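Enquirer: My questions all concern the structure below.
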Amino acid sequence: MNRAAEGFNGERLLARLHDLPRAHRYLVGFSGGADSSALLAALHELGDRCPATVSAVHFNHGLHENAGKWKTHCEAFCAHRGIPIRVENLDIDVPPGRSPETRARAERYRVVTTLMEAGTVYLTAHQQNDRAETLLLNLLRGSGLDGIASIPKLRPLGSGWVARPMLNVTRSEIESYLRDRNIEWIEDPSNRDTSLDRNFLRHEVLPLLHTRWPGLPGSLSRTAQHARETLDTLNDDLATRFGKRLVDPYTFEISGLSALPRVYAALLLRQWIRERDLLPPPERRLSEFLDQLTGRASPDSAPELRWAGWQIKRHGSLLWLHPIAYPASCPERKWDGSGQLELNPDFGTLSVDAAISCKHRFRVGPRRAGPGLQISPGGPRRKLKELMREQGIPPWLRNAVPVLYREDEPLAIGDWTLSHTWRTLLSEKHSVYRWKPRDELLMKLRAACHQPTIDRSGTLS
């Protein structure tokens, strides 16, 4: 075995795994490319010495004509080694002018977050060359310290962690490892397309620089690590002072932001965005957004920041972060008032414990103009818009909330604001009405708005 192959193997990987948080499962992002093939093969090579069980997840984006062949290759690779593999077929909706790669990456991490549980570490096969390329790209974009810090070795993700144990391994070491073991891997032809910035750096710029500075990838990786250590120190200070603001991946409390030094305010927002594994927006646009948030623009403005398929909007004292294309309106469905009603994969289900009989069929959908919702017997009918505003639901999310109707009469907003009529019908059957969304943002919205409903005894709980 040649020296390059000795540079990467199971033993070297094991040393990196021991530096990670204790885990009971390693979930490997497996594309079938050289990097992830080497990572998965090296984990298998460790056998019983591997600190955790190993499984893989392959994302079939359907963006390439060979996507089906790549899926089959990955399944065969894992079957040969007895590694469980899960295939996630992603339906990528790419708005005009947006990058399919950026949208695909965001969707992958959204799905991975749902697969995480305590004790799970999601392993990706980013290596030293990836880190060097990312640093250079960020420098060319005028990024700050967080861009120079490039790809982190470890960060929280959902209930677990995402880790990159191969950041000290070069691309040539990986390919030597695979060739010496006769392991085949997938070559994505799009990786040769030099019209893409990263590929231009990889195939045109870095080889030229390498002729003058052979150790360039390692030097750039060390620079990234130094920047990462400095950034981590700053972020630790931010976490100590403002940690509660960084916990929620969808909302950010901005009260007091204008009192912070400008560099801290910007760093705090970037850190919040990076907690979602997103690239932060360009510095100029972030600066303009901060001007609006901190009162240097018109106080009547409604600050909004859009970049790379994502957006931040302000509502009251909260910033909301989600994809530009999100959210869709609640789907329209008819319902007979029994059992469970499936809305769609994101909006989840509506259900009752006991069937509610009614002369008219129920209908579910987004809010619409018409009579308001009567909360108390003999009380006034309240406009849905008014009730949602009082509940703190941002205007652009209000059509995502399922409203239950009987003919044109609204009976419930979500499962937290119920009309007197609907509460009476539920009470008579000792039933509970529930909305169980599956989309994380909708789950957060429900948790924020949810109020006690009728329990099985027919009393408020």
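From the backbone N, Cα and C atoms, a Cβ is placed for every residue, glycine too.
No curator has checked TrEMBL annotations; they are predicted automatically.
Just lifted these from TrEMBL, have a look:
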BINDING   SER31, GLY32, GLY33, ALA34, ASP35, SER36  ATP binding site
DOMAIN    362-435  domain 'Lysidine-tRNA(Ile) synthetase C-terminal'
Enquirer: Using DSSP and three states only, what is GLY33 (ATP binding site)?
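Expert: SS state of GLY33 (ATP binding site) = coil.
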Enquirer: Which residues of the same chain, at least 6 positions away in sequence, have a Cβ lying under 8 Å from the Cβ of GLY32 (ATP binding site)?
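Expert: Expected: HIS58, TRP70, HIS73, CYS74, PHE77, TRP185, ILE186.
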Enquirer: So what's the average pLDDT for the domain 'Lysidine-tRNA(Ile) synthetase C-terminal' (362-435)?
Expert: 94
Enquirer: Setting SER31, GLY32, GLY33, ALA34, ASP35, SER36 aside, what same-chain residues sit with their Cβ within 8 Å of the center of the Cβ atoms that define the ATP site, listed in sequence order?
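Expert: Checked against the 8 Å cutoff, the neighbours are PHE30, SER37, ALA38, ALA125, TRP185, ILE186.
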Enquirer: For each of the binding-site residues (SER31, SER36), count the other CB atoms lying within 10 A of its CB, then report the residue with the highest count.
Expert: SER36
Enquirer: Within 10 Å of the Cβ of ALA34 (ATP binding site), how many other Cβ atoms can you find? Include all protein chains, please.
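Expert: Excluding its own Cβ, ALA34 (ATP binding site) sees 21 Cβ atoms within 10 Å.
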Enquirer: Can you check which residues sit near GLY33 (ATP binding site), meaning Cβ under 8 Å from its Cβ, same chain, 6 or more apart in sequence, and list them in order?
Expert: ALA125, TRP185, ILE186, GLU187, ASP188
Enquirer: Which residue counts does DSSP yield for the domain 'Lysidine-tRNA(Ile) synthetase C-terminal' (362-435) in the helix, strand and coil classes, in that order?
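Expert: Its residues fall into 22 helix, 22 strand, 30 coil.
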Enquirer: Across all chains shown, how many C-beta atoms besides its own are within 10 angstroms of the C-beta of ASP35 (ATP binding site)?
Expert: 23
